[in-house]
Structures are given as structure tokens and as C-alpha cells.
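As C-alpha cells, the structure follows; a few thoughts come after it.
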């Protein structure tokens, strides 16, 4: 599609030359563009209608060739629902969830993804060698004992006499499950001639013209209905339950290991199909290149026990990792509330389980928010994002403050401050730094939209200055109080060595705090959300050209389809409420069992707050950022960290201050010097790295190393006062 020519002050000829070079460069990249299912960061020429725009991928363009492309970021969506999700989630500065809210058309998926969803019933012409590491792993983990179990069940069925046909089936299945690769199980129709025992032992099969399968022939003696029913009863009472239980164990274990999901499908299909068929209708054979398959339904045909791409597998739009972690939430809740006196496990185990349970719940909350926003108008999307966008962290912080207030322990408030600072520092340094390092390994230099990053950086400067303004105010006007002082020179006018010093804001019945510091805290808590709203107006209305989101259907013909949503609005709302309720319960268990860790641990409470409590809930976002960086889409990776940091300062902290008005706690917006210096230095360093709009793995290494240096400082720092 021709792009309207952009006037150039240096002359039409120069502009035409640049435009044609850029168009050819962009067209070449578009021809090799890969999967559009993932969000892409595309750069294109300014302000053309979305229907006729030519897109350029974020590759290493020469500034001389494609300078006009580097103007703004275009996020590509597959359909209207996905575009609405991006519009209501991305521009709000809330967390990015890579999962789609709509089902992608089957024809648009790659062959690798299609293979993940196959039912293991397709015979391929050449499956290659079956002797692979994954198949050997199956033999060591499942094959040998599963085969032995079938041999034992076969012996039991032979003893019953009436179950002899099922015994022969189990004997054949024992050899099959020892090494099922390159073999096929088919459901065949029994010829009438064999059913009435008119065929002899050497008679040929009418299907293939070859020898008759030997499992058809034994039915000559058991052709009566009585013997068939007796054999089936013996099988369902003695054989099938044991094998179904064994296959269920294999299925669950293989599913949890993810890469062995083909083994889980193999076991599930065997239990539900193979073992419930009459023995004479099951045929097991080894595939050979020269053989023609039987004219029957293929039930099982497996070539590989493992597939490393199953991390992409999704169940009803939910990633397999989130599905596998969901039972962990149930175990945590049952163990936490049933074993309240720690008879089965200790506080450390329950705290760890509660913290790990936050990760899948965060995923479900994010998916529900994205689904509701994608199917709603702008106002509903804004309300849902504003209400539930930070529910994961706020739930934990509020429950910790409530517990600290009830026990009169200031340590919980200090831990919350450490977690807030840890989230800020980690999302400013560690998340973008790690994405730069991993993305820089694949791409020598990565570019990103410096204008959008500049908006987030300006908001970070403003928010950090506002959050720490009460702290700086207290340092200037507060009275320094020390717990213990010693005269070093034995002279009353000499030098004193003091310990445990802090600025006292409660002098003269708290006049300084209640008359000066607290009004400043309330003022800052009102100004920060107002600044955030101004930032939304900037990105949504007045300068929306920084982010250009439209439906792109120029790359693949399959995009003209009606969007099929995974979760309806009501279903997403129910999941959102249930996940929030479970999140509150897990946060309550975490705060309930963190007290022994804080009191008995030799590690500083600062370190526990800025590492475990701050970064574990953000693990899904770190994984998303790494995936975007590997796709050479560093803009989204950077925005993930920046947006979380902006949330901490401009939304989460003001909400905590508002909560303390209605429920008095020990939380005050006065941080330690270490928190102030670490946060300000991190924001300054990040802004310096992001100035030129390009980066490499060395700059990412600098950010990661600075983050680990700050972790070392917190690790060796003494515990805060009151802990």
C-alpha cells in the first residue's frame, strides 16, 4: 500500500529517496513477519489511516534509511476485542498480560502450536527415530512399572478364565506401554464371519488380505452373550480400576511436569477409550514404512514422550503453568486454616506456600481484568483497572498493617515500607535490566520508544519526589533522638558516640507530626493520583499519537474472523471476585505466619521485605518482560517495570494512606534513609540509561549489578527500629 509522501524541507528528491528506501525496507520486513499472536512493537511513518498504514518491525534500522519510521509505537492487535483490551490496559499503565482474551483461529497458528493440541491419533509418514532422551525418560519414569502392572493384571484375568480375552489384551498392552513410540492402537470392526466362527485359523482377513488378527479368533469359544458379559464384569471389577488408578497417577505426574504432557494425553486416552473397548476390537501393531494402516479408527499413535514447547499450552485461554499452580492455592488454604496450630507443618512452610499461591492468583486476576476490559467500553475498563489493578499487593499490605496494629508491633509497618521500596527498586532496575540482558543475547542492539519511556520517567521523578517529601521534611524539622550515647573523651563538652538514633516526630505530644507532617502526607496523597490522572489524559487524549493501537490485518489473511472470547464478562467477573477472595485469604495466612520468620531470622527485615515480599508477586510480569525482550519488543519490557513503579508511588501508597485514615495503623509516610537513597539513585540511573532510546546487554548488566549491590546493602543492614 502506498504511503502518502511526507514533505521534507531538504527537497522533494531527497524526501522521495528516503521514503522509497524506507518503504522497501519496511515491506521486506513485513514479508518475513512472524506470528502476530504476540504483541509487536512496530515503527511506521507518521499519521496515516490505520487501514492503509505500512508497518515496520522494530529491527535495527539505519537512521539514514528509515528515520521517518521512528516516530511512534504501534501495538498490533488481531481483532477488535484484542485491540480494545490493549487500549484499556496498555494506556492505563497497568500490568501487561501476554495471554489472549480471544481464541486465535486454528489456521493462523504455527505447526508447532497445532501439534501441542493434537489428540495423538495421527499417523505420520515418517516419525523419525524413536530413540530419544525424552522417550528414555518415559521408560525410566513410567514405562517399566506400568508394563509390569499390566502383566500382573493379565495374570489375574487369566485366572478368572472368563476374563481370558482381557488377559490377552493386557499382555499386548504391557508390551505397548513399555515402549509405545512408533506403535498404533486402532479400533477395528470385527467381520461377521469371525464373529460366528466360520473362519478357520488360516483364513485371510477381508480387510487386508493377510492373516486374521489373533484376537478375533478366540471369540469362537466365548461367542455367547453369557461369557462375554461375565468377562466384562470380571474386567470392570478386577482389572480396570487398578489400571485406571495407575494411569491417573501417570497422567497427573506427567501433566505437572508440563514437557511430558504427551504422556498425560496417552494415559488419559488409554483410560477413557482403549480399556473400555471389547478386546476383539483393539488392535496393536508397530508402524512400518511399507505397511498400509488398517481401515479402522486410530485411537493412539505417539512418537515422542516430551515436547519442550508445551510451555505455550493453554487450557481455555489459561496458561498451563497457571493451571498447574491452582491446586497449590487449595492446598495452602486447607493446610493454613485446618492446621492452625502447626501440628502438620511449621510457619515457614505455610508462609512459603501462601507466598507462592499469590502468583497464580495474580495471573487469574489479570486475565479477568483484561477480559472484562476487552468486552466493555472505556468507562467500565477504567473502573475495573483502577479497582483491581493493584489488588495483589494492596491485599498483602493492608492485612499486614491490620495485624501489626492489633499486636502493637511496628515491625509490620516497616516490612510494608521495605516491600514498597523493593517493588519500586526492583521494577526500575532489575526488571528492565534483566530484559535487556536476555534480549541483548539474541539482538545486538535493541531500540524502544524513548518518548513513551520519557513519560514514565517523568512520572517516576514526580512520584518519588512526592512520596519521599514527608521523609525529607522530617529530617529537616524533626528532633534527633538516640537510644544510647557514650562519652568518648570523658569530657562533658567532648564527643559522644550514640546508637539507635532516629528523628522523633512526636515531641510535645506529636505537635510536629500532627500539625505539619501529617497534613503534608495528605496533600501528597491527593496530588500524586491527580498527577497520574493528568498522565492518563496526556497519553489517552492530547498525545495519544505516542501509542497507536489499531487492528492490523495486512499480514495474514486469516484475521477476518469473528472473535471468540475465552471468558465472558460474567465468567470473568466471577473469577475475578473468587481470585480476590482467595488472594485475601493467602495474604492473611502469609502475614499470620511471617511473625516467627521476622523474630527468629538472622537476616535483616529490610532484606526480607525488598526481596521476597516485593518481587515474588511480580514474577509473572518478569516472565512477560523477558518474552517481549526475546521478541525484540523492548518497549513493552521497559513499560512493564515503569508502570508497576508508577503504580506503587501514585496509587498504592495513597491508598494505604487513605486506609490509615479510616483504620489507624502504625504506617506513616516517613521512610528510612536507606529507602530514600536507594529509590532516588535507581530512578536517576534508569532515566540516564533510557535517554537515547536504544540499549544493549551491557547497559542491562549495569542495572542488574546495581540492583544486586543494593540487595547486599540491605542484607547487611541492621533491622529497623521496632523489630
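Note: Cβ is positioned from N, Cα and C throughout, glycine not excepted.
Bear in mind that TrEMBL entries carry predicted annotations, made automatically and left uncurated.
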297-317, 318-338, 486-506 - the range that TrEMBL marks as transmembrane segment: 318-338
TrEMBL annotation of transmembrane segment - which of the ranges 264-284, 453-473 it falls on: 453-473
Same-chain residues at least 6 beyond the ends of the transmembrane segment (318-338) whose Cβ lies under 8 Å from its Cβ atoms: 99, 255-256, 258, 261, 310-311, 344-345, 350, 353-354, 356-357, 359-361, 363-364, 367, 582, 585-586, 589, 592-593
Beyond the flanks of the transmembrane segment (603-623) by at least 6 residues, Cβ under 8 Å: 95-97, 355-356, 358-359, 362-363, 366, 392-393, 396, 411, 414-423, 425-427, 430-431, 434, 597, 640-641, 644, 674, 711, 714-720, 723
Counts of helix, strand and coil residues, the domain 'Inner membrane component' (133-183), according to DSSP: 42 helix, 2 strand, 7 coil
Recorded stretch that, among 233-263, 344-366, 520-540, 669-690, has the most CB pairs under 8 Å to the transmembrane segment (453-473): 669-690
Tally of DSSP helical, extended and coil residues in the domain 'Sodium/calcium exchanger membrane region' (572-714): 117 helix, 2 strand, 24 coil
